[in-house]
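Swiss-Prot annotations:
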DOMAIN    143-350  domain 'ATP-grasp'
BINDING   178-233  ATP binding site
BINDING   ASP303, GLU317  Mg(2+) 1 binding site
BINDING   GLU317, ASN319  Mg(2+) 2 binding site
Amino acid sequence: MIEEKKKCIGLIFGGYSNEHDVSISSAKTVFNAFNSEINKQRFNVKAFYINKYGDWIDNDISVKILIGEIEHKKTKKQELFNQKKINFLDGIEFQNIDIWFPLLHGFNGEDGSIHGLLKFTNKPLVGCGILGSALGMDKILMKTIFSNLKIPQVNYLVIQNEDLNNLEVKNKLIIEIIKKLNFPVFVKPSNSGSSLGISKVINKSALLKALEKAWEIDARILVEEGLETREIECGIIGNSELLTSEIGEVEYGSDWYDYDSKYNSNNKITIPAKIDSKITKQIKEIAIQSCRTLNIFGFARVDFFLEKSSNKIFLNEINTIPGFTKKSMFPMLWEASGLNIEQLVAKLVDISLDL
């Protein structure tokens, strides 16, 4: 019997988005899962760290970052990275890669940028393609498409092509927000993840600062009306057939589900969420419908709001490269659905190869 050749996984992480550190944490989890006893029989992993300058770092240094031998925050570019940089277009480091596993959260990664680059290698990758990634990252475009499909969402207002350096423009926008939406509102950059750049605003006086904070990340801004809701999440994997995980709920100790709540706090996670079976079915159906509409496949996490007073479902957003950190919901959802992290990463590779 001929032994099957191991697949070489090209694990890409880091990047120069503001979610750089989250990407490293996710990559550590995935790297360890591929190097488990069961997966070592099927896979080899080559790691490629992209530092905050945009340099690609070779496998030796990248692995040392993942296993903790090098602290990336304390490493100066001139002292180490200049000697270990690689040129993506040369292709030497990438010749033996069978499949890519990009874990770049945020812009220049999750937005489809890395997917477009990797397409030139003519190798499959874990996750969805350029279009689905770009639409999933852009909150405004995503919500516009969902509105056209009559998928329920909270009331929102779009701000784009406005000069927020102009005081008159800012005052006009504040008046428009107050006129169209009820407080509290959430002010969000259109292209950002992990709740970075987002502010909860409870009155007029705080709107200006929130708009400026979002504008620092993206000139296109989304303002959403805040409701009393539960945070509900659903995992998706698959290609032609999309499978849904158990439904999970996050109860956070802070005022809202901000960056610190996602990664630094002790939130209460309930999987499966304690909700009616009919509502669970509707959430899963909307999750599949929304992913199909945006051409999202491979894997994703779909986030919902469930209004406390009415049990009305609102689609929030789709995350096309959800976190794999120790506090991330996506791997927890699938573990509760029968796939531990070692099985999950292997399954994602199989899906991308259509096995």
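Each residue, glycine too, has its Cβ placed from N, Cα and C.
Considering other CB atoms within 10 Å as the measure, the emptiest surroundings among the binding-site residues LYS213, ARG220 are those of LYS213. Neighbour density around each Cβ, counted as other Cβ atoms within 10 Å, peaks among the binding-site residues ILE178, VAL185, ALA206 at VAL185. Under the DSSP three-state reduction, SER192 (ATP binding site) is assigned to coil, being neither helix nor strand.
Among the binding-site residues ILE178, VAL185, SER192, SER199, LEU227, ASN319, the ones whose Cα sits within 10 Å of the Cα of ASP303 (Mg(2+) 1 binding site) are ASN319, in sequence order. Between LYS213 (ATP binding site) and GLU317 (Mg(2+) 1 binding site), the C-alpha separation comes to 21 Å. Using a 10 Å Cβ-Cβ cutoff, ASP303 (Mg(2+) 1 binding site) registers 19 neighbours.
If you take the Cα of SER199 (ATP binding site) and the Cα of GLU317 (Mg(2+) 1 binding site), they are about 17 angstrom apart, rounded to a whole number.
Mean model confidence for the domain 'ATP-grasp' (143-350) is a pLDDT of 90. Close to LEU227 (ATP binding site) in the fold, though at least 6 residues off in sequence, lie VAL154, PHE305, GLU307, PHE314, each with a CB less than 8 Å from its CB. Here the C-alpha separation of ARG220 (ATP binding site) and ASN319 (Mg(2+) 2 binding site) works out to 18 Å. DSSP assigns ARG220 (ATP binding site) to coil in the three-state reduction, outside any helix or strand. According to its DSSP assignment, ALA206 (ATP binding site) is helical. The secondary structure of LEU227 (ATP binding site), as reduced to three states from DSSP, is coil rather than helix or strand.
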